[in-house]
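According to Swiss-Prot, the domain 'bHLH' annotation covers 1-53, on the basis of sequence analysis. Positions annotated as domain 'PAS 1' by Swiss-Prot: 77-147. Residues annotated as domain 'PAC' in Swiss-Prot: 292-335. Residues annotated as domain 'Single-minded C-terminal' in Swiss-Prot: 336-766. The feature region 'Disordered' is assigned by Swiss-Prot to 353-431, 528-563. According to Swiss-Prot, the compositional bias 'Polar residues' annotation covers 353-365. The motif 'Nuclear localization signal' feature in Swiss-Prot is assigned to 368-387; the stated evidence is similarity to another entry. Among the features that Swiss-Prot reports, compositional bias 'Basic and acidic residues' is placed at 394-404.
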Amino acid sequence: MKEKSKNAARTRREKENSEFYELAKLLPLPSAITSQLDKASIIRLTTSYLKMRVVFPEGLGEAWGHSSWTSPLDNVGRELGSHLLQTLDGFIFVVAPDGKIMYISETASVHLGLSQVELTGNSIYEYIHPADHDEMTAVLTAHQPYHSHFVQEYEIERSFFLRMKCVLAKRNAGLTCGGYKVIHCSGYLKIRQYSLDMSPFDGCYQNVGLVAVGHSLPPSAVTEIKLHSNMFMFRASLDMKLIFLDSRVAELTGYEPQDLIEKTLYHHVHGCDTFHLRCAHHLLLVKGQVTTKYYRFLAKHGGWVWVQSYATIVHNSRSSRPHCIVSVNYVLTDTEYKGLQLSLDQISASKPAFSYTSSSTPTMTDNRKGAKSRLSSSKSKSRTSPYPQYSGFHTERSESDHDSQWGGSPLTDTASPQLLDPADRPGSQHDASCAYRQFSDRSSLCYGFALDHSRLVEERHFHTQACEGGRCEAGRYFLGTPQAGREPWWGSRAALPLTKASPESREAYENSMPHIASVHRIHGRGHWDEDSVVSSPDPGSASESGDRYRTEQYQSSPHEPSKIETLIRATQQMIKEEENRLQLRKAPSDQLASINGAGKKHSLCFANYQQPPPTGEICHGSALANTSPCDHIQQREGKMLSPHENDYDNSPTALSRISSPNSDRISKSSLILAKDYLHSDISSHQTAGDHPTVSPNCFGSHRQYLDKHAYTLTGYALEHLYDSETIRNYSLGCNGSHFDVTSHLRMQPDPAQGHKGTSVIITNGS
């Protein structure tokens, strides 16, 4: 009975051994290795192999245990893979999320002295430095994926340095510190996603494992490394201050060794790469060896070269303390962007030749020359800006206004529309409308504030062949809804520049094109309607009561076609008529009265000033037409007006109908509003006979509203908006309402760019 049990146990062990032997033969290992394996190693390797099939389900051949016919090409592929591993100067390894090594190539024994069988199936934490355990855990940790759940599989790149155990002899191990060798690992973390059947838009992801290649860094004995033509070596202190440089640095970077000694490496590295270099420097001090990322080393004559460095800390042989840093640097490219100076140590070349500049790409200098040539050939054309700008906030003057036949506003910027040449005018050759360069859609000019969609659809204005676009657009531009039972009082200011001549000279006002600088509105007896006045200069802003617009009060302004060919002539005639009126207005200051009816004196609009330009932009001109002050007081304060005198079909006065009257025709009641944009002192603009403390305040109690609600509008050239014949016809159709044109002074805020200019205030008095 005892003998029988012994035989049964022996048979069982033999069967078990035979099964393990058959299992070992199925492993993708040479038979010489599998025949020497024990049972524990066979189980460890088998489990690792099964895990590998999960990572690479199609990369390990046929199904488990199935023998397949191998073609000669398959044998060539295996041999090629073996040769690639030998020439890789490294080893390949695959690590599971728990740290188990699922696979490692046999070349690991060359770098670490540890066999493939010994490492496979064991935890990688057993073979790395304890200080690197946390880093390895972070590498193997996968964060919440940001990819779409429809993506089944993706990779996350990983690059890190590990100190792995090395059991090689010192003569073959290279640099080791405490039995550990620095290995540069680079690879990717493989993530696989699965969708749930019950929730197709939700899913889960699986961290399959890490696939990486380990490279052994150059040994510390740098004298054994052959320096090729694209390599140079330097020795530096622990803070990267250069101590010694190879003479090849002069051929590769242009710097002589003595130019770089006693300077840190950071001093000659591109500013965008200093962070990566700092991280590599930190790893070097911690682990002893490092491979930097590609960084840009500045060349002496401008530009840079791309460099990658292999740095090693050399220890003192006696004290075993870190002594210095030795780095082998590989210059990967020629000098790029020659002539581009990024450091004071660089010497700019006599003729900068950027590598990215081609014959078809103009340089900045060529662009400037081309702009100057275009400016000299056509002074009347404006240089447009890619972004919409507003003349009320940009005080620079357009280059096209310096010598333009129309002059221009002192506040005209490069984006303000100017009169185009006939060849460049949009539409037909007879179309003299303004070119709205900064606006793609003209409807945004007509309806610049909050309107109902029905208003935009039902009463959208369409330009006809005989319609001047500039007149239509300016005439339909409004700032609010006139309220019933109150007197709408519309006004517009247009700035005219002063030429280099004296303000009193007649030539100072020749050929000047007015531009509307701002549009404002007053309702009632000198009271501002805050619900309808736009307070923000932003082009997309609207008043707070934008939802209270009543579309029935807004009808299209009456329009009568005029002769386009006589627009410029009419404008010049208007300016000449204005000059005649200005000559009549040159009277003693006692003939002027304040708007409030008090006996305050007002500074003359055109006087010789001997003081420097003011610091703020001032719009003065609180003047009356040639009517008595009592008439104005009766009309505005006494309310001696017909209740329907200003009710012109409850529609705002079209700016396209506003024009200067003849010199013999004076407005019956026009109150001119003045606005101090920057609250400048008015005393500097007074003559000797005026009181120094008097300021032309119009409705002083409401001056805060003037400062708050002034809205700046650019882009409407008045020569497109009227001719004298049209205004006469329109004024007769508006119950005999008259129009008045007066002038006031306009100063430039910037002393460097300051130049005097006049502006025309056009008001519709009622």
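Even glycines carry a Cβ here, placed using N, Cα and C.
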Local confidence of the domain 'PAC' (292-335) - pLDDT mean: 90
Helix, strand and coil counts within the domain 'bHLH' (1-53) (DSSP): 44 helix, 0 strand, 9 coil
Secondary structure content of the domain 'PAS 1' (77-147), with strand meaning DSSP E or B: 34 helix, 13 strand, 24 coil
